[in-house]
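Residues annotated as substrate binding site in Swiss-Prot, with sequence analysis given as evidence: Arg71, Ser72, Gly73, Asn84, Leu88, Ile89, Asp90, Met98.
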Amino acid sequence: MTTQIELKILDARIGTEYPLPAYATPGSAGMDLRALLDAPITLAPGDTILVPTGLAIHIQDPGLCATILPRSGLGHKHGIVLGNLVGLIDSDYQGQLMVSVWNRGNDSFTMQPGERIAQLVIMPVVQASFQLVDEFNQSERGEGGFGSSGRQ
């Protein structure tokens, strides 16, 4: 299934020095977002920075949203994750996509201009309406949480 999403290029290096976001394989769920920096930047352990991507999107369809998710290799190998853990992009947002990057590792990390730093995933949205009740119909799980269903 393919859905058209409006994309605005805000940095002329996209499409010349750096490719447009694209799916790497037919089974890919996310498209890589790149750090559109003018120079390398070093994040000390514990540092958080906001990194421009040079792109803006307008999803338009209220049945869709975008999420910005971490790249697994950066997190596992270098401790580089998203400062807000997940970025949620509403369908009516039209500003630049920015990535909050946090170095939760023990070593400094130098990010290079054009480096792939996160991935963009388009997802369906269900808007719920609440029905006020005095009691819930009993479920098997009930109020159990935080490991109550076991480990195996």
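Every residue gets a Cβ built from N, Cα and C, even glycine.
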In this structure, which of the binding-site residues Ser72, Asn84 has the fewest other Cβ atoms within 10 Å of its Cβ? Ser72
Please report the number of other Cβ atoms within 10 Å of the Cβ of Met98 (substrate binding site). 15
Taking the Cβ of Ile89 (substrate binding site) as the reference point, list residues of the same chain whose Cβ is under 8 angstroms away and which are at least six residues distant in sequence. Ile57, Ile59, Cys65, Ala66, Thr67, Ile68, Leu97
For Met98 (substrate binding site), name the DSSP secondary structure in the helix/strand/coil scheme. strand
